[in-house]
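Now, the feature entries from TrEMBL:
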TRANSMEM  B:12-37  transmembrane segment
TRANSMEM  B:57-82  transmembrane segment
TRANSMEM  B:146-163  transmembrane segment
TRANSMEM  B:195-217  transmembrane segment
TRANSMEM  B:229-253  transmembrane segment
TRANSMEM  B:260-281  transmembrane segment
Amino acid sequence: MTTTTPPVTTPPVTTPPVPLLERLRVPGGFVLGAVLLLGVAPLALSDFRLSLLAKYLCYAIVAVGVSLAWGRGGLMVLGQGVFFGLGGYAMAMHLKLTDAAATGETLPDFMLLYGTGDALPWWWKPFANPAFALAMTVLLPMAVAAVLGFFVFQRRVKGAYFAILSQALAAALSIWLIGQQATTGGTNGLTDIQGFFGYSLDDPVNQRMVYFIIAVALLLLMALARQLFVSRYGELLIAVRDSEERVRFLGYNPANAKLVAYVVAAGMAGLAGALFVPAVGIISPALIGIVPSIGFVIGAAVGGRASLVGAVLGAIAVAWAQSTLSDEFPAAWTYLQGLLFVLAVGFLPGGLASLGVVLRRRRTRTLTRTGTPATGETA
Amino acid sequence: MTVILNQSFTGISIGAVLLLIALGLTLTFGQMGVINMAHGEFIMAGAYTTYVLQKSISGAGLSLLVALPVAFLVAGAMGALLEWLLIRRLYTRPLDTLLVTWGVSLMLQQLARDVFGAPNVQTAAPDLLTGNISLGGGITFANSRLFILGLALLSVVALTLILKLTPLGRRIRAVVQNRDLAEVSGIATGQVDRITFFIGSGLAGVAGVALTLVGPIGPTMGTNYIVDAFLVVVVGGIGQLKGSVITAFALGVLQSVLEYSTTVSVAKVIVLVAIVAFLQWRPQGLYTLRTRSLA
């Protein structure tokens, strides 16, 4: 007698989408951060320190994108300098042109010095329009990321290959910028930027305004990234990171999920570069080559790549340590930076954000000596 | 015609340098999946070894000959130490080796700066290698470049013979092709990993000796070549010696011919675009090891 087993009807396993109210809930830490950034810091810090903080916050904006692409998507983005640079140069070109116009010139000062001195190159001309320049600070990096990402992800060029290609892109862009001395300022880059949409950057009041713009941008982008993280897309991205093949068998195209993360991260880096220019007054190839591109990743790695807040705080902390230590003890800072990489990535892959978890696990492990030893990380 | 031939020769000599650097990477990156950014600093170690030896041994030719094996040992020992200290903990997370070894490379660069000083130093080339060979019709080839070409080809042959013919080579290939199966067959995979790393890093040291003939020695000399060398391995295919050989010369000649017709910076960008386009056609590189793995 054979019993025909009825078709097994397993209830479909669906994780209910996070309710809207839950998604829009503002975490207390976010409010605290907003109060610190917008209220306490401007009151407590001197103008000089505040403008330094503005610079660190620009790196933090890049870290938001790194947390998305690397932490959630597993894409080692070692070429963020490219996008930072594209955004920065787009902004700086516009500001240089308005600076020149203010003094009655048609060419930026460096072109008068080194250039052929005839006419503005055709690709500079549209940047005189503020709307176009602003749009380009974000769209240009996103477009470059979309083209590279499309070709790379579609053909399943994987982890290490992608990291090396993005690094090569950073090298190529900085070499190209250095080579075009007459139209890009070469090694010096675009320096000595005076005004910001009609406001003089020498004025401390306007510097504060720039700081507020940057802080608000950081907070908004963190909120945006959090929405992405808790959305269905965020879940898909984590699935792609952890097991790309399974995601493919389930009928999704992992390439698309990766592409979105890469493009969004590129846009954030571009915006960060654009805001960096009025905050610091300079953009140059030295700020965007291979070394700074890896530098963008270290903050996120130290703080915790998978944790948004960890990545942002890590970026700020590392930038702060860099500027305080590298001036006085350049050699010591280089050793420390190297050591940070080794310790954070090698021994604490979750970064400082995971320190609590790791310590707790270690304590329970020493308490309960029995049982199976902890297996390796599955990340 | 003369110009094209001369540019091609320049390209071939660029390719020879790339090949020497990429050979070690083919072992450590291609075969073991470890992205060792400190490879560039092992090159630097080889170059400084040559510099130190030339200070203590009179005669540029003799010191160069002594430097080749010594640099291999010095860089190889550094590589084996790095593997033992850090990399063996990271085999399950190959991407992270990139950042960890980048940290190591920062420290090694600073160490070189502290020991030898930040400015570049120079070694004297042996008399035999300073001239040019004229092939007639205005076509010349520098002797030092010829030496590097010979050294690169010799290294390829030696490495091929070791991998194909010796018991050690068989063990290395076994570990690469199926680590678990090699382990249960009684191969001490950890030991094989360390030896592989020793050889790969040692080859970087040899490359460093060769580079003293074409340029100054400085703390950051490795970084100038490392990304290009990685590209060679990526395009050549995982762990494929012949892939690296063909790619190194192809990229060298392409770069050099483009440099002549455009500029250095534009040539760099075109080469990168060409590589991305090539990976559309063959995402796994020029040659691949056929496996049944999905990834």
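Glycine is treated like the rest: Cβ placed from N, Cα and C.
Just so it is clear, the model here is predicted, and its values are computed rather than measured.
If one looks beyond the transmembrane segment (B:57-82) by at least 6 residues along the same chain, the residues whose Cβ comes under 8 Å of a Cβ in the stretch are 28, 36, 38, 42-43, 45-47, 49-50, 101, 104, 123-128, 151, 194-195, 197-206, 208-209.
Among B:12-37, B:195-217, B:229-253, B:260-281, B:12-37 has the largest number of CB pairs under 8 A with the transmembrane segment (B:146-163). Residues 7-8, 11-19, 21-23, 25-27, 29-31, 35, 39, 156, 159-160, 163, 176, 271-272, 275, 278-279, 284-289 of the same chain lie 6 or more positions beyond the ends of the transmembrane segment (B:229-253) yet place their CB under 8 Å from a CB of it.
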